[in-house]
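Asker: First, the structure itself, so that you have it in front of you.
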Amino acid sequence: MLILGIDPGSTLIGYGLIEDLGDILKPVDYGVLKIKEKDPIKKINELNKRFGEILKKHRIDQVGVEKLFFSKNKKTAIEVAQAKGAILLLLQQKGMRVYEFTPNQVKQSVTGYGNADKLAVAKMVEKILNIENINEDNTADALAVAITTASAIKNPVGF
């Protein structure tokens, strides 16, 4: 089963695709989409096009997306919400099931501690997927969302 994890952002959107082989999780494709457009409408169009390419390239079975959490910057919150909305619309149009998780649920699932810092999450993602040196927080977060999605599918009671 191929599971895509998404860490939405206004200009940097992390994605992580893993394969759930039952007893192990294997990384397939991951990275960060860097959206260069400044105009909000063009930005959403670029995001839609680039995510569409990922969806065409892989036969994705399930998708997990991190829920938004903001406390201060309203402008950034709006931009991230717009990006997430564009992603969710694209996924809906493709008929994909989407799971959503709070940042604390993802941290709890991956590290066992809901308030873990980004470094702890990245290190556990590297360990679980047997990869080294994830250089981008957005990539580590997206892979963590994919891992959490795999866990939620296997054990929905905990989510």
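Cβ coordinates are placed from backbone N, Cα and C, and glycine is handled just like the others.
In TrEMBL, annotation is done automatically, which means it is predicted and not curated.
On a predicted model such as this, the values are computed, not experimentally measured, just so you know.
Here's the feature list from TrEMBL:
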ACT_SITE  D7  active site
BINDING   D7  Mg(2+) 1 binding site
ACT_SITE  E66  active site
BINDING   E66  Mg(2+) 2 binding site
Asker: Do me a favour and check the Cα-Cα span between D7 (active site) and E66 (active site); whole Å is fine.
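Answerer: Here the two Cα atoms are 6 Å apart.
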Asker: Within 10 Å of the Cβ of E66 (active site), how many other Cβ atoms can you find? Include all protein chains, please.
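Answerer: Result for E66 (active site): 24 other Cβ atoms within 10 Å.
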